[in-house]
Amino acid sequence: MCGIVGYAGRNAAAPVIIESLKKLEYRGYDSAGITVLSKGIETYKAVGKIVNLEVEIPKNLGGTVGIGHTRWATHGRPSTKNAHPHNSGGNPGKISLVHNGIIENYMALKEQLTGEGYVFNSETDTEVIAHLVHKHIYGKPDGKEAKCELLVGLREALKEIEGSYALAILSADEPGKLVLARKDSPLVIGLGKGENFAASDVTAFLNHTRDVVFVNDFETAVLSPTSVEIFDREGKPREKKIEKIEWDFEAAEKAGYEHFMLKEIHEQVTAIHNTLAGKVSELEGDIYLKELNLSEDEIRKLARVQILACGTSWHAGLLGKYLFEQLAGIHCDIDICSEYRYRNPVMNEGTLAIAITQSGETADTLAAVREIMSYNCPTLAITNVVGSTITREANSVLYTRAGPEIGVAATKTFTTQLTLLYLLAVKFALVRDRLSPDYVKSFITDLRKVPGQIQQILNQKEAIKECAEGFARSKSYFFLGRHLNYPIALEGALKLKEISYVHAEGFAAGELKHGPIALLDEGTPVVAIATRGQTYEKMLSNIKEVKARDAFVIAVADNKDTEITKYVDVVLRVPQSDELLAPLLSIVVLQLLAYYTALARNCSIDKPRNLAKSVTVE
């Protein structure tokens, strides 16, 4: 959840690091800091936005090697003393480092190091690493003579550490070097000319270089302005593949929109089109998923699909569960990743695990995938980030071709995740002779219409804005849906919570009478997703239930539905579509409703409080 950057080059390090940290702001943070090797270690920190850090840094700060960090508090409250970098070896110190991850045995290590004379100035787990590295190099807190190089001392320290980490470390005695290490937390190296970079995310340095190397678990690296050396866990040099990032940095700019989120809602038209490209054939009535390392015979033999996901991705997975069971006739379970490892899952032969993660770095999802792989279960990852950790660990990978998503609240990655789940379920159904090629041809025709239908919704966003502004000060919202619309109700409520800080709950509409209806007050806004389908009549009954309690009902319904207007206060329209695909349209309305509510409430839409884009700690 934190952002790490490192620089070794020919230019002044501080401006490069500050620029890179700003590119990582979308990950969420509460404080920031940098260290530059100038006349020894020089460290500057600040609470709050990066602009607060900038005013602390001297304009004439020299040094061409440095590290930086945006912190999201996990151990210790947001404060200057808890902000990274953390140093060891006196003031200003011999060692300085930044860390993303969690050290699980830090209390035992802290007690040990305190007994050896090390003084702790923060409440963080990270400071333990700084002192431990210092101890292995200098022997004691006031040690002046190095017994070994920084890389060797780091390797020895890592043998004592339990937990996850991405580390960037500097030593005052090795002024031209930046040393890195990784386990269970993302870290990537950017290769420049006369300069090299390190970061949690390629976005940090993409305007400097497109050539990158991804650091794997248990690898260490040494960067200088002119060289990059990478080593395995035994310390042997490794040759690594250089990958080129193809997408443009301009794709991550706002392009005239007020917020990234609004831009990304609009980009769903292109994102879904790109995700479908090369994967469907109307003429043949077939779906092509060449990245899927499963034969047709293996697909026929599947007895179970296990979906693993968190947050918005879990909502996509819940809809996927309905699709796999309804279309392909395959039993499907879905688990929240943070719970999965602790319930001793019963595994069966013929199970396919599908892990859904926007970033490919979600710590809980990676842990769940590793757990299920211990049962020799084949794994398929659905992610948006090429080269992310999950792409290197799963057996198969399907990419949502959504492009970079900067807004913390997921929009286009959600609809492209759904798109891939539709393709998977229909492909499995076709292979298992549950759907005919003629049906698949018709389905593909309808699916290809979705981007244009989303554009129609975007063209009427003023009506959604007007509705949102009318209820922006409401204290609580209900979102109701049945069957395929239930996951969309959950996602709509989550969007509103995330960016407008309004209490909102999504419910299966049939569950209202089992308790939630007691919460309804006069005028409570209830968003009812009531597109036509097999549960439409029951949904109308639920709407009548809440209207009888004087709730204000906002319906999401198709543009040919005249019946709905008799029972609700406002109708937000979507184009008429196949019942199966209606969720792809309804969610766009709810994304816009959340956006305009947050805008009316003057909230921080792209970087909501207390949230991070990439959740890389468990």
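Every residue, even glycine, has its Cβ placed from backbone N, Cα and C.
Annotation comment: Swiss-Prot describes C2 as active site, nucleophile, evidence class sequence analysis. Over all protein chains present, the Cβ of C2 (active site, nucleophile) has 29 other Cβ atoms lying within 10 Å. In the three-state DSSP scheme, C2 (active site, nucleophile) falls into the coil class.
Positions annotated as domain 'Glutamine amidotransferase type-2' by Swiss-Prot: 2-226.
Marked as region 'Disordered' by Swiss-Prot: 69-94. For the region 'Disordered' (69-94), the list of distant contacts is 1-5, 21, 24-25, 27-35, 40-43, 45-47, 50, 100, 102, 106, 118, 121-127, 129-131, 133-134, 137-138, 141-143, 171-173, 612, 617: same-chain residues at least six beyond its ends, Cβ to Cβ under 8 Å.
Feature annotation from Swiss-Prot assigns domain 'SIS 1' to 295-434.
Feature annotation from Swiss-Prot assigns domain 'SIS 2' to 467-608. Residue counts for the domain 'SIS 2' (467-608) under DSSP, helix first, then strand, then coil, are 65 helix, 29 strand, 48 coil.
Summarising the annotation, Swiss-Prot assigns active site, for Fru-6P isomerization activity to K613 and lists sequence analysis as the type of evidence.
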When the region 'Disordered' (69-94) is classified with DSSP, how many of its residues are helical, how many are strand and how many are coil?
0 helix, 6 strand, 20 coil
